Amino acid sequence: MAATLSRLDISVDGVSVTYNNARLALYNATCTVEPGTITALVGPNGSGKSTLFKSIMGFLQPSQGRVRIGGFSVQKAQKQQLMAYVPQADEVDWNFPVSVFDVVMMGRYGYMNVLRIPSAKDRRLVMESLERVGMVKYRDRQIGELSGGQKKRAFLARALAQEGKVILLDEPFTGVDVKTEKGMIDLLMELRDEGHTILISTHDLASISTFCDHTILLNRTILAQGKTEETFTKENLELTFGGLPMLSLNQMFESTEVDA
Amino acid sequence: MNQLVVAFPFWHWLVEPLQYEFLIRAIWVSAFVGLVCAVLSCYITLKGWSLMGDAISHAVVPGVVLAYALNIPFAIGAFTFGFGATVAIGYVKSKTRLKEDAVIGIVFTGFFALGLVLVTKIPSNVDLFHILFGNVLGISQQDIIQTLIAGSITLIVILLRRKDLLLFCFDPNHAKAIGLRTQVMYYTLLSVLALTIVAALQTAGIILVISMLVTPGSIGYLLSDRFDHMLWYSVVSSVLSCVLGTYLSYHFDVSTGGMIVVILTTLFVIAMIGAPKYGILAQEWRKRSGPNPEDDENQTVVVDQV
């Protein structure tokens with residue numbers, strides 16, 4: 001199974017993004033997400049994590065630079081269903097009248113004909129994806145009736161159903177209990193072993209070294225990148241989180257060291 | 001025996017207007033318009049485009065006036081200006097630092113004012129009152145045809161693209177991520193919105209059409225959290241209001257559009273208070289009876305809709 005999946009990298013080359021109000025959100029960001037790895041994108045609030053994510057996903061057009069997914073342009077990669085996206089919780093309208101099953105089925109739309117009538121295969125893949133994240137018994141719930149962890153799992157199931165080889169998760173562990181986080185991490189590691197390339201933006205410094213192979217540190221531009229154990233140095237973190245009180249930074253740093 | 005005598009005049013009162021062909025026709029037309037508006041209403045309320053609907057409905061006025069002056073079908077003029085207004089809104093928003101609501105406010109009042117100036121200057125037989133408030137009882141054969149065409153196109157487009165449009169309303173980012181063209185969907189939804197307004201022009205008039213575009217979907221939204229059910233509630237409440245409103249407006253000799261919207265709003269109030277899950281009473285009830293014990297796992301589901 002793993003052999004059938006060609007591994008894809010994400011290459012970001014000199015990307016700058018300026019918003020309408022002339023604020024420079026991202027400056028000359030160049031980084032590579034190695035194929036078949038779990039890579040963490042780390043930086044303080046307002047450091048441009050979301051902007052970089054949106055540029056990679058093609059939700060916004062960088063004013064400079066370019067993004068390639070396994071050598072393809074973003075648009076081409078999207079057309080071929082190579083990229084799946086798990087949104088932040090606050091980007092979703094949880095009152096929207098759709099069930100968990102409906103949401104996961106949306107992952108299959110790109111494979112269906114114009115009328116989007118699901119085939120037997122589509123249904124099977126949706127059920128398999130639901131099973132994989134342990135959400136089968138909640139499939140008929142309206143999405144607002146789920147707990148924080150279940151919501152994340154529902155959208156992760158959609159990404160699985162889409163069979164994207166590159167999966168981007170924006171702050172997947174906020175509002176998620178420890179048990180669910182552990183379950184999701186195990187699943188992500190499984191996916192990596194099957195050949196998926198996974199990029200995660202996160203605040204949760206403590207857990208990064210336990211499962212992220214690579215880390216990219218970001219604050220308006222790329223400050224450091226590489227293997228997590230090499231990138232996650234005190235100096236680099238201070239550089240990235242410069243504005244933070246040193247005490248809390250030390251604590252975080254020590255706890256990650258213990259984990260490693 | 002006695003009952004029959006009492007019942008008979010009421011029966012007579014009930015069926016008497018139905019012998020007038022113009023009234024039957026008006027009822028059919030408004031039922032159709034009610035159907036079209038109800039279907040679109042579900043998408044518009046979920047997308048949060050109520051204000052956009054209001055803008056388009058006002059912006060069609062100059063188009064209607066010019067169409068009559070140039071002797072072309074009113075629907076063409078109305079659609080051109082209605083759709084043109086949305087393009088103008090999109091353009092101004094992308095080129096300035098203004099917020100969307102401000103841009104919408106500027107553009108639609110500008111179009112509307114232009115319409116007012118034109119209607120008072122260009123000699124035509126356009127009755128401003130009819131544009132503003134509708135005139136379904138006096139609708140002409142030609143106008144019916146235009147209404148039917150505009151409404152049918154809307155229904156067909158939505159029927160064919162319903163899943164994509166729903167995805168576009170729910171999660172445009174995902175739509176983009178799977179390679180769908182969101183720009184196309186954006187303009188598709190705007191076009192059918194403009195077409196629906198054109199269809200509803202003769203029935204409700206531009207002032208009240210926004211009610212027919214927002215209220216049915218909102219009723220459905222309060223009554224259900226499945227889109228299919230929401231759609232049905234929306235259609236039933238809307239068609240019922242249109243039929244009943246047109247019929248009663250003849251009886252009581254009142255404004256047709258007004259009567260339709262009064263009934264529709266009444267249905268909304270009933271739904272708002274009595275909806276089984278999201279109604280005010282149900283929420284009160286839940287608050288008093290405490291958390292739901294049926295819920296499996298301890299991850300309590302909070303359904304505190306604001």
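Quick reminder: no glycine exception, Cβ is built from N, Cα and C everywhere.
Positions annotated as ATP binding site by Swiss-Prot, on the basis of sequence analysis: A:GLY43, A:PRO44, A:ASN45, A:GLY46, A:SER47, A:GLY48, A:LYS49, A:SER50. The Cβ neighbour count for A:GLY48 (ATP binding site), using a 10 Å radius over every protein chain in view, is 24.
Residues or ranges marked as domain 'ABC transporter' in Swiss-Prot: A:10-245.
Considering only the binding-site residues A:ASN45, A:SER47, A:SER50, the Cβ with the fewest other Cβ atoms within 10 Å is that of A:ASN45.
Within 10 Å of the C-beta of A:LYS49 (ATP binding site) there are 22 other C-beta atoms, taking all protein chains into account.
Look at A:ASN45 (ATP binding site): DSSP puts it in coil.
Of all Cβ atoms in the protein chains displayed, 15 besides its own lie within 10 Å of the Cβ of A:PRO44 (ATP binding site). The number of other Cβ atoms within 10 Å of the Cβ belonging to A:GLY46 (ATP binding site), over all protein chains shown, comes to 13.
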